[in-house]
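Listed in TrEMBL:
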DOMAIN    13-117  domain 'LiaF transmembrane'
DOMAIN    257-371  domain 'Cell wall-active antibiotics response LiaF-like C-terminal'
REGION    118-199  region 'Disordered'
TRANSMEM  12-31  transmembrane segment
TRANSMEM  37-54  transmembrane segment
TRANSMEM  66-84  transmembrane segment
TRANSMEM  96-114  transmembrane segment
Amino acid sequence: MKRMNEHFANRLMWGIFIIGIGTVLMLRQSGLIEFDIGDIVSLFWPVILLFLGVQSMIRRMATGHGSMFGAAILLLVGFVFLGRNLDLFEWSVSDIGQFALPIVIILFGLRMIMKPKPKEAPKNPSPSDEWQAYPYRANDNVPPAPPLHPDPTKQETPSEEMAQSGPGGINLSKPPLYGDATHADNAKASSWQSHGHESIEARIREKIEKNQRKAERVHEKMRQHAERMHRHHHHGKGKERVEWWNSDPNVQNRSGFIGDIYVGHDYFELKPMNISHFIGDTVLDLTKAQIPFGETRIHISSFIGDVKVFLPNDLETGIHVVSSAFIGDVAVLDQKDGGLFKNMDIETPYFPETEKKIKLVVSTFIGDVRVTKVG
């Protein structure tokens, strides 16, 4: 019954979600409403969190499985981001986070009050609670009792022994004793043992040969890869390959799960940097940064949320921006674009000749990308 309720709850939620999407698209195609899909997704993406929270809550109430606390977190985060996107309020996750501990304490107290007391097993169960045989009606035939094992202490008569004997006078009802093993049985057992040792040795040799072949293939691949890298370094020409993550061990790493990340509150020395974020906005302000000579690489990766980068309006600093967005608008310097699967590769004039260079690589799944010069 619980399994059926869980399937029904899932079908209900996903059915409503798909019907809603189809209705909105039908109204758009008929001309009754006008909107841009990229704008709608970037504005109403928190609805996905609300939908998952409601689905988890319904499943919890219908089947008892799932976490009510996790559903509440999804609903709260989705509500905060949706309200911010619609300009209903200026709350942030950090503002809500200061109330998290009191809310958790209150929910824990309510759970202690409302949680039903588990039933204790009775110490002296009544006869009606004990195990009972399978019920049958009075007019039903009682099944016969199962056959009993032969009594080992019973002395058999010569006629019974002849009846239980098979061809050749071998008693089929008694297992052979250890001392009754024949010479042929011993020879067969020894042949099985020798065959087992041979099969084990054959398997070991096969594994050793297989590992040697695998090691040779790995060595050959490493050699081919080294040759390709050598040719690419000395003779390779063409478009530069984009590295979406800086693997330099000296790079600075910033990461966040839910909330906003802001880098550049005060004056600082710019260094190579990796910024990864799951849900929330990412703001990088380089107007107060001390930019070193040479090329500085900055990689920003975001799953859901906007990415905003403010660059100094300095002619001595060259800017190269590589942006990739699955859903959302992209505005890099003087160029703008929106929709699905948007990529941009823009650099300022005379970028290779400038002494100070900033290479910015931004990748996001759902959200807008803004890279502007300030000053």
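Glycine too: its Cβ is placed from the backbone N, Cα and C atoms.
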Sort the residues of the domain 'Cell wall-active antibiotics response LiaF-like C-terminal' (257-371) into helix, strand and coil with DSSP and give the three counts. 0 helix, 80 strand, 35 coil
Just to confirm my parser: what is the rounded mean pLDDT across the domain 'Cell wall-active antibiotics response LiaF-like C-terminal' (257-371)? 87
